[in-house]
Amino acid sequence: MKHSFAKHVRREFYKTVWFYFLVVWPIFSILLFTIVLFGIIIGQLEGWGPFDGIYFGFITGLTIGYGDLVPKQTLSRILSVALGFNGVLMTAIFAAISIRAIEETAKAAQTEE
């Protein structure tokens, strides 16, 4: 009995996450596009290849920051800061979706018990 209930709760959670992800997908896709675009621009400004620029964009945009590629130009640094804010915004959206899904799943589980 409990295994079936846990499976149901898990299914409800994933269904809710998917619903809210579809709601914010336009915003999320713009943020991902911005990471790629800024990465390419920074790569061009710094004389890196396109792959290195996109790699830098994702490493910076996802707020990992290995430090293997470091921008030297002023405009590149400004765009890198914008990438960092972009990453914080993406993380906030992801956290908000997760928290909302947990809340709705818990509420649905309480009403079904």
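Don't overthink the numbers, they just go from 1 along the chain as shown.
Here the Cβ of each residue, glycine as well, is placed from N, Cα and C on the backbone.
Going by TrEMBL, these are the annotated features:
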DOMAIN    31-103  domain 'Potassium channel'
TRANSMEM  20-42  transmembrane segment
TRANSMEM  54-71  transmembrane segment
TRANSMEM  78-99  transmembrane segment
Same-chain residues at least 6 beyond the ends of the transmembrane segment (20-42) with CB under 8 Å of its CB atoms are 48, 50, 53-58, 60-61, 71, 76, 79-80, 82-83, 86-87, 89-90, 93, 97, 100-101
For the transmembrane segment (54-71), find every same-chain residue at least 6 residues outside the stretch whose CB is under 8 Å from a CB in it, and list them.
-> 31, 34-40, 42-43, 45-46, 48, 77, 79-80, 83-84, 86-88, 90-91
